[in-house]
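Here the structure is laid out as structure tokens; the discussion comes afterwards.
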Amino acid sequence: MAKEQNTSFQDVVSHCKKLGFIYQSSEIYGGLSAVYDYGPYGILLKNNIKQYWWKSMVQMNENIVGLDAAIFMDPKVWKASGHVDAFSDPLVDNKDSNKRYRADTLIEDYIESKIQKKIDKDVAKAAKKFGEAFDKAEFLATNGRILDRQKKIDEILNRMNTALNSGDLTDVRQLIIDLDIACPVSGSRNWTEVRQFNLMFSTQGGGATSDDKLYLRPETAQGIFVNFLNVLNTSRQKIPFGIAQIGKAFRNEIVARQFIFRMREFEQMEMQFFVRPGQQQEFYQKWKEARMKWHLALGTSPDKLRFHDHETLAHYADAALDIEFQFPFGFKELEGVHSRTDFDLKAHQEHSGKKLQYFDPELDESYVPCVVETSIGCDRMFLAMMSNAYQIDEAPDSKGVLKERVVLRLHPAIAPIKCAVLPLVKKDEALTKKAREIFDTIKYSFECQYDEKDAVGRRYRRQDELGTPYCITIDEQTIEDNTVTIRERDSMKQERISVSEIEKIVSERVDMRNLLKQL
Ligand code: GAP
């Protein structure tokens, strides 16, 4: 069996760029920071992820309908939602380097580099010393030095969260000073005051007066809330029901790093589920489990996914969690599931003066529904899938010698190209003619690629790097008996099948229904 090697985040980023999955925006001008473009293979993978999400929501649930709201909305929407007053990050500048940082990120980075790293080192040392008998959970729960370090982390986070939640920015600055945090660029501790910086981008409307200030939406959810009545009155839905939407969102992130993990322009896939007040906890649990199932169906190992309950809740939420994925740089938020109570609809009701209520025939009364939200970044999901799929193993070359192979083990249903059609040699016109014929027949059913350049072994490698689950090879025998070989990406096993079976076999194996049936 082929040996797998460890891969780094840098490998994944380079692969995305090299293979045409993702490019930096405006690259020929030096590149716009934290904004990215999707290339020929990236757009196919991204569309497949979106399609999987959309089908799992709108197609699979009779009581979920879709929406595509505009990016621009009445600015009063953002006042009502709280984004104008409170959608901000705490910033601090270093006076010597003139570099700007998110205060909470500086503190979190301190924890990571000064304390957590020591814990990880101790764990690695103990694991080496005790070998198979090592019980990590027990070690973390009982080792005195680790407990002291963990206590210190908890104290720091507690103080930071209390200060941030109460708006005590002076204490956030004091914490930076108490921890003796230095600017990574200048090395000095010469910090400005900490202040809040609103993350919304704004622009001017047609009239170009200050009253015409328009915001680029920082989340898609508000487009759903303000259309609650429209959808209710036109879709014949009854509570409980949901509205799903995929669309662009914009945030002026100060710390934009880790490639497409944190971007200034990104895409969200959000679903707001409207329920009877009092039933939100039940649906929160339901959606929490449903969303984890959605991730697991893609073949991601359960070890790489976990729930993280929010310790401190936003003022409008009565429960909230993240689904975290183990990115190459650690477990980080991939998706949020939030029980947002009736806060959003009530806020829009108050600011718009329109009643946003539902008449419940079973109860014979009207109420403002509560909302359970699932919210995932499409780009972040893309990065999770690329990080999960990118592997280096070994494969025999034409002489049977094991050579390193880069392979993207994407689930076939989301792979950009489903099937490559390869004549064994380019020179043989009978083979290329037959291969073209096959390509022209099967291209109606799924995304295919015809490739005749280079030796067939190199072409297999190229398809492995793109994550193509199947390669069809047309050889001498094809001309004699109308059969081809079909090669499977992960096992590299080849089978001989008849030309007439190709379309059916590949269609069945790459069918998105295979994912949906697991939900
Ligand atoms: N409506 C709720 C909401 O927007 P959020 O936790 O701010 O909640 C939801 O965002 C998801 O959107 C995150 O879990 C993440 O996947 C994605 N996301 C948020 N900010 C992002 C950014 N700057 N770049 C890429 N994805 C982002």
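Note that Cβ sites are derived from N, Cα and C of the backbone, with glycine treated the same way.
A TrEMBL annotation is a machine prediction, not a hand-curated record.
Copied over from TrEMBL:
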- Arg102, Glu219, Phe266, Glu267, Gln268, Met269, Glu270, Glu373, Thr374, Ser375, Ile376, Gly377: substrate binding site (BINDING)
- 179-412: domain 'Aminoacyl-transfer RNA synthetases class-II family profile' (DOMAIN)
- 251-253, 261-266, 333-334, 377-380: ATP binding site (BINDING)
Arg380 (ATP binding site): secondary structure state under DSSP, collapsed to three categories: helix
Arg380 (ATP binding site) and Gln268 (substrate binding site), distance between Cα atoms, whole Å: 9
Spatial neighbours of Cys378 (ATP binding site) that are distant in sequence (at least 6 apart) but have CB under 8 A: Lys46, Ile49, Lys50, Trp53, Ile246, Phe266, Glu267, Gln268, Met269
Contacting binding-site residues, sequence order - Arg102, Arg264, Cys378 vs ligand 1, Cβ under 6 Å: none
Spatial neighbours of Leu334 (ATP binding site), counting only the binding-site residues Arg102, Glu270, Thr374 and Cα distances within 10 Å: none
Number of Cβ atoms other than its own within 10 Å, given for Gln268 (substrate binding site): 20
Sparsest-packed among the binding-site residues, when each Cβ's other Cβ atoms within 10 Å are tallied, from Leu334, Ile376: Leu334
Among Arg251, Arg262, Arg380, the one of these binding-site residues whose Cβ has the fewest neighbouring Cβ atoms within 10 Å: Arg262
Cβ neighbour count within 10 Å of Thr374 (substrate binding site): 24
Pairwise Cα distance maximum in Å, substrate-binding residues per record: Arg102, Glu219, Phe266, Glu267, Gln268, Met269, Glu270, Glu373, Thr374, Ser375, Ile376, Gly377: 27
